[in-house]
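Per Swiss-Prot, the features are:
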- 36, 133, 186, 378: substrate binding site (BINDING)
- 44: N6-acetyllysine (MOD_RES)
- 53: N6-acetyllysine (MOD_RES)
- 61: N6-acetyllysine (MOD_RES)
- 78: N6-succinyllysine (MOD_RES)
- 93: N6-acetyllysine (MOD_RES)
- 130: N6-succinyllysine (MOD_RES)
- 156: N6-succinyllysine (MOD_RES)
- 280: N6-succinyllysine (MOD_RES)
- 335: N6-acetyllysine (MOD_RES)
- 358: N6-acetyllysine (MOD_RES)
- 367: N6-acetyllysine (MOD_RES)
- 367: N6-succinyllysine (MOD_RES)
């Protein structure tokens with residue numbers, strides 16, 4: 001008998017499964033609304049011109065390929081913390097933070113989860129919004145933490161369940177961990193408004209919860225990086241010492257380069273140094289040190305004034321295209337004569353939209369119209385273009401009328 005006779009076939013990844021089925025479809029009108037990557041208005045992958053310029057500058061320098069330190073490229077870490085917390089952040093100025101480079105957002109989450117598993121002595125309990133990004137559960141679970149949920153999305157309004165969220169958060173046991181999406185909540189596209197964030201912060205402070213922020217879409221949600229980081233900065237201003245995961249996959253289009261950062265805001269600079277030493281001890285047996293190329297690209301963009309300015313315009317361009325596709329989809333549904341209210345599609349923010357379509361309607365869209373999405377009715381608005389938005393609206397109307 002074999003060593004691995006007892007190993008069962010695992011379930012396929014639900015999102016990658018959508019892409020596989022899409023690839024097999026021969027219909028010329030087919031649409032893939034499952035994939036979490038930006039597409040231009042011709043439906044093609046998009047490399048930001050600022051990224052191309054940064055790559056050219058890096059290539060011209062003929063740099064070596066030596067190892068980075070365990071914590072990553074120093075100037076990248078500093079620039080990432082400034083981008084997230086704001087250049088005038090008191091936490092930055094007083095040096096009471098530590099930022100390490102990570103293998104994109106997933107790697108940052110896992111480093112954070114591993115650190116909590118080892119050093120957060122108060123609780124094993126992590127509370128995720130319901131629903132949350134599918135990968136959050138295995139990341140925290142595999143790091144040895146216990147998962148729970150708090151209400152977040154209201155299927156009746158396709159919006160934020162503020163009453164349910166505040167009620168559930170108020171009942172979370174003291175000194176537990178709460179995960180918060182900083183902006184462009186994935187998968188729902190539903191974010192709290194600033195006044196609602198203030199109420200959440202009050203409860204987090206009152207219950208002495210540890211706030212764990214995941215910010216995968218800074219700049220990509222509203223088109224304004226400062227606006228998208230508002231909640232994180234507000235929490236820190238309120239004296240809540242958070243940790244934060246950043247990803248440059250979406251906002252710089254550096255998906256396959258795996259560029260991210262993990263930041264811990266501490267009580268003082270001495271605590272930050274101690275935390276940093278332990279983060280390095282966790283990282284070393286995971287992957288020794290992070291990859292070089294993507295961090296160089298991001299760092300070059302963030303630290304050169306001209307490139308940074310160009311990049312901010314390009315991020316706004318991507319965000320604006322997505323916002324415009326949302327409004328076009330809503331107006332096309334009205335044109336089709338749909339009697340349903342689709343306003344939530346325009347109200348939600350970021351790459352993803354929770355349409356409110358039921359699993360059987362999703363199935364019909366795939367079978368009858370070759371439109372692919374996950375069963376929960378989540379669509380990637382990045383897959384919608386001015387060329388196919390009319391077809392999508394027609395198809396949605398057909399399965400919902």
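Glycine residues also receive a Cβ, built from the backbone N, Cα and C atoms like all the rest.
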Inter-residue Cα distance where the pair is residue 36 (substrate binding site) and residue 61 (N6-acetyllysine), in Å = 33
Task = Sort out for me which one of 44, 93, 358, 367, 378 has the most neighbouring CB atoms within 10 A, since those are the recorded positions we care about.
result = 378
Key: Inter-residue C-alpha distance, residue 358 (N6-acetyllysine) and residue 378 (substrate binding site) (nearest angstrom)   = 10
Note = Other than 36, 133, 186, 378, the chain contributes near substrate (Cβ within 8 Å of their centroid) the residues 15, 134, 187, 351, 352, 380
Task = Find the one among the recorded positions 78, 367, 378 whose C-alpha lies closest to that of residue 93 (N6-acetyllysine).
result = 78
Request  = State which of the following modified residues has the fewest other Cβ atoms within 10 Å around its Cβ: 53, 156, 280, 335.
outcome  = 156
Query = Which whole-number value in Å describes the distance between the Cα atoms of residue 44 (N6-acetyllysine) and residue 36 (substrate binding site)?
reply = 13
Note = The recorded positions listed are 36, 53, 133, 186, 280; by CA-CA distance, the one closest to residue 78 (N6-succinyllysine) is 280
Remark   = The most crowded of the recorded positions 61, 186, judged by neighbouring Cβ atoms within 10 Å of its own Cβ, is 186
Inquiry  = Of the residues named as substrate binders, 36, 133, 186, 378, how far apart in Å are the Cα atoms of the most distant pair?
reply    = 11
Note = Going by C-beta under 8 A and a gap of 6 or more residues, the same-chain neighbours of residue 36 (substrate binding site) are 15, 186, 250, 351, 352, 380, 382
Inquiry  = I want to verify one value. Collapsing DSSP to three states, which class is residue 367 (N6-acetyllysine)?
reply    = helix
Key: For residue 133 (substrate binding site), the one of 156, 280, 335, 367 that lies nearest, given that the modified residues are compared by Cα   = 156
Message = If I take the alpha carbons of residue 53 (N6-acetyllysine) and residue 280 (N6-succinyllysine), what is the distance between them in whole Å?
response = 32
Inquiry  = What whole-number Å value do you get for the CA-CA distance of residue 156 (N6-succinyllysine) and residue 280 (N6-succinyllysine)?
reply    = 45
